[in-house]
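Sending over a structure as structure tokens; questions will come in a sec.
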Amino acid sequence: MIRIDGSYGEGGGQILRTAIALSALLGVPVEVFNIRAKRANPGLQPQHLTGVNAAALLTDAELEGAAKGSTRLVFKPKTIKCGGFQIDIGTAGSISLVIQTLTPIALFAPCPVRLSITGGTDVAWAPPIDYMRFVFAPVVGRFGGRVKIEVLRRGHYPKGGGRVEVEVAPVDVLKPVDAVDFGKVLKIRGISHAVNLPAHVAERQARAAAEALAKEGYAADISTEVRNDGLGPGSGVVLWAESDVGNVVGGDALGERGKPAEAVGREAAEKLLTALKSGASVDSHMADMAVVYMALAEGVSRITTPELTLHLQTNMYIVERFLPVKFRVEKLGQRHLIEVNGVGRRR
């Protein structure tokens, strides 16, 4: 059994998500202790438990300590199952973080995995669902993984109620990705959404984002999505840039009470511009998710990221605990190069 100190590095839910995903897909039991020990509300919270229980559902895992507030969890997986699964987070807990946990497992299932997930689509401290659709899924696609994400209804804090359907096709082996330079920007697109709010909120967010990008010489095609089917109000913007060599980077921002729509649009644009100006092949959020796929792929993968975040360093550490790999990190001007010789995991 692999033992992981949950207070290492970033010391949050990321350690748990990565450890559980790798435990499940490799069939190796794991014990995570000191879970979120340094946080104001230590231990497992409902959104963490959802990911753990969902991974257990996919692998018939035995669990110890899977309770709210628990600082120790033992996860003993069996075989990966496939087919359809219903997952209800029960709060506005992030659907995206559940997708992040389950995708690597589902890629190595014996047949396609279909997930119907209820919870929060656009919530703080997690990637928005449109980021998962238009940045995460294409990047996983470069490794040879097919992930299809469909949003049936959006859900915001505090009520949630969002509904998302995900389909993951199995792979025999993941391909390595060699992406050092972002390349030339082909197009920038985006979605500005508003739920149970006036249409002008989505329009103002989109306009402000487009103006901020235009000042830097970039034209953007940002669509607006106005819906009135949510359990509560909410808004946000996700932008993404695609390059001539197949790279995708993103930037996003969430609306909140008292925050002008224009500020939301500008914030998303600034995040995207940070990634573009660095010339990195992935943005800093995608980098910490990508290292799992790099380590599982067959052969040498290389990516560059605008910054070496604590999340990224923590994830590399966890991956190295589960797999016989060693990440190499090198500073390249404004970027950091991450390189690893993957194990070529097969189903």
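We number each residue from 1, going along the chain as drawn.
Note that Cβ sites are derived from N, Cα and C of the backbone, with glycine treated the same way.
So Swiss-Prot lists these for the protein:
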- Q100, H285, M286, A287, D288: ATP binding site (BINDING)
- H311: active site, tele-AMP-histidine intermediate (ACT_SITE)
Relative to the Cβ of H285 (ATP binding site), which residues of the same chain, six or more apart in sequence, are found under 8 Å away?
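Expected: P127, Y131, G250.
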By CA-CA distance, flag whichever of Q100, A287, D288 among the binding-site residues is nearest to H311 (active site, tele-AMP-histidine intermediate).
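Given the candidates Q100, A287, D288, the nearest one is D288.
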Identify, in sequence order, the residues in the chain of M286 (ATP binding site) that are 6 or more apart from it along the sequence and have a CB within less than 8 Å of its CB; answer 'none' if there are none.
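Long-range Cβ contacts: V135, F136, V139, V249, G250.
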Taking the Cβ of A287 (ATP binding site) as reference, which residues of that chain separated by at least 6 in sequence fall under 8 Å from it?
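For A287 (ATP binding site), the qualifying residues are I303, T305, T309, L312, I338.
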Over all pairs within Q100, H285, M286, A287, D288, the annotated ATP binders, what is the largest Cα to Cα distance, rounded to whole Å?
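In whole numbers, the farthest two Cα atoms are 13 Å apart.
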Taking 8 Å from the centroid of the Cβ atoms of Q100, H285, M286, A287, D288 as the cut-off, which other residues in that chain fall inside it around the ATP site?
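For the ATP site the neighbour list reads P127, F136, V282, D283, S284, M289, A290, H311, L312.
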When a 10 Å sphere is centred on the Cβ of Q100 (ATP binding site), how many other Cβ atoms does it contain?
22
Could you list the residues of the same chain, at least six apart in sequence, whose Cβ is under 8 A from the Cβ of D288 (ATP binding site)?
Q14, T309, H311, L312, T314, N315
Taking DSSP three-state, what's H285 (ATP binding site) in: helix, strand or coil?
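In the DSSP reduction, H285 (ATP binding site) maps to helix.
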